[in-house]
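A.B. asks: Sharing the feature lines straight out of Swiss-Prot:
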type	residues	note
TOPO_DOM	2-55	topological domain 'Lumenal'
MOD_RES	Ser2	N-acetylserine
TRANSMEM	56-76	transmembrane segment
TOPO_DOM	77-86	topological domain 'Cytoplasmic'
TRANSMEM	87-107	transmembrane segment
TOPO_DOM	108-187	topological domain 'Lumenal'
TRANSMEM	188-208	transmembrane segment
TOPO_DOM	209-212	topological domain 'Cytoplasmic'
TRANSMEM	213-233	transmembrane segment
TOPO_DOM	234-258	topological domain 'Lumenal'
TRANSMEM	259-279	transmembrane segment
TOPO_DOM	280-291	topological domain 'Cytoplasmic'
TRANSMEM	292-310	transmembrane segment
TOPO_DOM	311-362	topological domain 'Lumenal'
TRANSMEM	363-383	transmembrane segment
TOPO_DOM	384-390	topological domain 'Cytoplasmic'
TRANSMEM	391-411	transmembrane segment
TOPO_DOM	412-439	topological domain 'Lumenal'
TRANSMEM	440-460	transmembrane segment
TRANSMEM	464-484	transmembrane segment
TOPO_DOM	485-534	topological domain 'Lumenal'
TRANSMEM	535-555	transmembrane segment
TOPO_DOM	556-869	topological domain 'Cytoplasmic'
Amino acid sequence: MSSCKTTLSEMVGSVTKDRGTINVKARTRSSNVTFKPPVTHDMVRSLFDPTLKKSLLEKCIALAIISNFFICYWVFQRFGLQFTKYFFLVQYLFWRIAYNLGIGLVLHYQSHYETLTNCAKTHAIFSKIPHNKDANSNFSTNSNSFSEKFWNFIRKFCQYEIRSKMPKEYDLFAYPEEINVWLIFRQFVDLILMQDFVTYIIYVYLSIPYSWVQIFNWRSLLGVILILFNIWVKLDAHRVVKDYAWYWGDFFFLEESELIFDGVFNISPHPMYSIGYLGYYGLSLICNDYKVLLVSVFGHYSQFLFLKYVENPHIERTYGDGIDSDSQMNSRIDDLISKENCDYSRPLINMGLSFNNFNKLRFTDYFTIGTVAALMLGTIMNARFINLNHLFITVFVTKLVSWLFISTILYKQSQSKWFTRLFLENGYTQVYSYEQWQFIYNYYLVLTYTLMIIYTGLQIWSNFSNINNSQLIFGLILVALQTWCDKETRLAISDFGWFYGDFFLSNYISTRKLTSQGIYRYLNHPEAVLGVVGVWGTVLMTNFAVTNIILAVLWTLTNFILVKFIETPHVNKIYGKTKRVSGVGKTLLGLKPLRQVSDIVNRIENIIIKSLIDESKNSNGGAELLPKNYQDNKEWNILIQEAMDSVATRLSPYCELKIENEQIETNFVLPTPVTLNWKMPIELYNGDDWIGLYKVIDTRADREKTRVGSGGHWSATSKDSYMNHGLRHKESVTEIKATEKYVQGKVTFDTSLLYFENGIYEFRYHSGNSHKVLLISTPFEISLPVLNTTTPELFEKDLTEFLTKVNVLKDGKFRPLGNKFFGMDSLKQLIKNSIGVELSSEYMRRVNGDAHVISHRAWDIKQTLDSLA
């Protein structure tokens, strides 16, 4: 393999010499072939730079982009302004959906199954194929089949496209399919992204007011600033990530170069999708049209959906989640509190319009939610009789008094542990005092923000005719931004940090280090900056009402004082007075001639390099075991039926489906695997045959066709079949060999395929990619083990060993993601089966699935019940 890699690198070395001193290497995701990627250019240069070679598609794309302006002029002259606006709005929506849904689906399947790459390999699109039929491929250039003619055309066209745009030194046959597929994929990305941008710009241009008075104002100035900032973000992002990340290169192959993240990547997470769309809002400000703003919000929101469902899953699967042990300190403290205090439960937290961690047995939760419901209901029923001036005073006084109360508690707690001492002196515990503080702080936030929402809503209702729709939408955007900031803050510092846990439980802190995870990577005190933007959003929504400005100033000042004079001194006392430079600060410092590379960037860089996937190339040897005449799906059903009818007696000696040692063992106690031996006549065998595991009570007397789903409890009979169904259904194949008369193999169903329910089961051998049953095994029993419950230590030992074998134990905690068939209900049944005690799912989630806590808690409950008996 190493010699192949060296040869390939030498063959493509001449193409990459233009990179100068940058020695960039890459490797394919699955086959692990190393190569040097060719020189590529950004979208604008590729399409419009006359000094660069242009392919046919690039010429067509450039022509299509330019034609939009001529079409706009013609439609405007023929049908008028309004029709032209909606005409290009529809076009923009089409291209935006093509971007986020179309490209999203393509990248999703490429990420999971390498669909585009496998398609290119299957149809030999980038291979040298002679004019006669290739002995190792179904591809034939002389065939009269429409499908083969189609793929022959695709092959020639794709090769022509690459040759016409790449330098003469570029030998497409020397490169792996991944890089060639990526180069073709870029062409369609260019078309969609450029059309998306141009149609949006034309729609915005047609929406700009004609009056100079409406254009030259503070909104236009702010809009131009946002547009210029947006341009810088895009340019700086491309400077950092280059074409490789710009065109989603890691969905196709992985570069092994050192990644440098600076500039705009220190300002915001995913800058190309977050602050990289501020230009949308700048153009909306210039137009002063709420319809343009709504279209911009739609485009931006759809981009976030693309990020959430396409890019983020791929990044986590490829590079890992990027979370180190230090950044999880607060989360571990929360786990430790739950572990050491059985009566402790996670506090109720208000996030936006939802409540998290509601406990139906905790009265304070009902009191908090009841307060919100009573205030809202009272407002709705008495809206006409509420005096806004009195309500303003109520909101102002409530905020000020409650903030003074909260600040006093935190200040005295920091100085002398006053709040904790108060409870300890009255017979309560330290954790109990912390729980009461959690209720007080959350109630303070809920009460003040509920009153603010009520007051703002009544303000808008009473002056709705004077409210600008664009201002209303921008205000809601700021509210959404604050909600996002709160969620990101809580995600980064966990419940312990959100509720100022280091004021009350500093003895639980093992590492004196502030987190730099999540939003804290970019801002030192996000709650002081973004934590009040939603309140200023209410100022916009109420058309700059004086009372709302006063409330916004009050919120800002109280927030600033709390952070500056109470929180910061306490943090310095606990963690040490260290100056931490935020990502934004590093970027500002980086504008100087000497750029500074942050520690955070180095950590991300190391994680990315260490997490590069090194998958071995899938073997193709299994498919060669069988004659190709038996792989024709079109004649397969007829072949099976004829064979079953005419030669059943002759073939019966070669039909076998037996469980190993079934004469000795008919009851398999989990996690013991079940090994199955099968034999099938060569005339009946199909590479897509598969074996499913079923409950006997579900299949019943239907012996010819299985009418219930396998639910994932199935295995292929050959490792070369079902390529798009993951490795789990092929790794179970441990043996397969073929003779002139029959094919036989061995399949092992381990804990990744077995049921975790007591019952009687059977295996069914199915023909091809169907549910037609050819063979049925002898019924057998699967049962959960009975763990040793003599002592809590032995019970814990057996439980952890079992969960480890089932692959659902990580760091001593139950993690059902490791085995989709062993969930919370299975764990409950295992414990009940062993010790006779049933723990609730809610409790096990509350202790974060800690095996030590769960086993000892179950054993303690058993002892208590025995003593009561």
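Quick reminder: no glycine exception, Cβ is built from N, Cα and C everywhere.
Remember, predicted model here, so these are calculated numbers, not experimental data.
Buried or exposed, and what's around them? Tell me for each listed feature.
C.D. replies: A Cβ distance under 8 Å defines the sequence-distant neighbours of the transmembrane segment (56-76), meaning residues of its chain 6+ beyond its ends; these are 46-48, 83-84, 87-88, 160-161, 164-165, 187, 190-191, 194-195, 198-199, 202, 206.
Averaged over the topological domain 'Cytoplasmic' (77-86), the predicted model reaches a pLDDT of 94.
Long-range Cβ contacts of the topological domain 'Lumenal' (234-258) within its own chain (Cβ-Cβ under 8 Å, at least 6 residues beyond either end) map to 22-29, 34, 37, 40-43, 107, 110-111, 116-117, 176, 178-179, 181-182, 185-186, 189, 264-265, 271-272, 276, 311, 314, 318, 605, 609, 612-613.
Packing against the topological domain 'Cytoplasmic' (280-291) from elsewhere in the chain are residues 204, 207-209, 214-215, 219-220, 222-227, 230, 299-300, 468-470, 472-474, 477: each is 6 or more residues past its ends and has a CB under 8 Å from a CB in it.
Sequence-distant contacts of the transmembrane segment (292-310) (same chain, at least 6 residues past either end, Cβ-Cβ under 8 Å): 89, 92-93, 96-97, 99-100, 103-104, 107-108, 111, 200, 203-204, 207, 270, 273, 277, 280-281, 283-284, 470, 473-474, 477.
The topological domain 'Cytoplasmic' (384-390): residue composition by secondary structure is 5 helix, 0 strand, 2 coil, according to DSSP.
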A.B. asks: When the topological domain 'Lumenal' (108-187) is classified with DSSP, how many of its residues are helical, how many are strand and how many are coil?
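C.D. replies: Helix, strand and coil residues of the topological domain 'Lumenal' (108-187) number 45 helix, 0 strand, 35 coil.
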A.B. asks: Residue counts in helix (H, G, I), strand (E, B) and coil for the topological domain 'Lumenal' (485-534), per DSSP?
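C.D. replies: Residue counts for the topological domain 'Lumenal' (485-534) by secondary structure: 34 helix, 0 strand, 16 coil.
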A.B. asks: How about the transmembrane segment (535-555) with the transmembrane segment (87-107) - do they touch, taking at least 3 C-beta pairs under 8 Å (6 or more apart in sequence) as contact?
C.D. replies: no
A.B. asks: Below 8 angstroms Cβ to Cβ, which residues of this chain, lying six or more residues outside the topological domain 'Cytoplasmic' (384-390), approach it?
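C.D. replies: Apart from its flanks, the topological domain 'Cytoplasmic' (384-390) reaches 455, 458-459, 462, 547.
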A.B. asks: Quick test of the contact rule: Cβ under 8 Å, at least six residues beyond the ends. What residues does that give for the transmembrane segment (464-484)?
C.D. replies: 281, 284-285, 288-290, 293-294, 297, 351-352, 530-543
A.B. asks: Summarise the topological domain 'Lumenal' (412-439) by DSSP state, stating how many residues are helix, strand and coil.
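C.D. replies: Secondary-structure breakdown of the topological domain 'Lumenal' (412-439): 22 helix, 0 strand, 6 coil.
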A.B. asks: Helix, strand, coil: count each for the residues of the topological domain 'Cytoplasmic' (77-86), based on DSSP.
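C.D. replies: Output for the topological domain 'Cytoplasmic' (77-86) reads 9 helix, 0 strand, 1 coil.
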A.B. asks: Six or more residues beyond either end and a Cβ under 8 Å away: which residues meet both conditions relative to the transmembrane segment (188-208)?
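C.D. replies: Sequence-distant neighbours of the transmembrane segment (188-208): 43, 46-47, 57-58, 61, 64-65, 68-69, 72, 76, 81, 84-85, 88-89, 91-92, 95-96, 98-99, 102-103, 215, 247, 283, 286-287, 289, 291-292, 295, 299.
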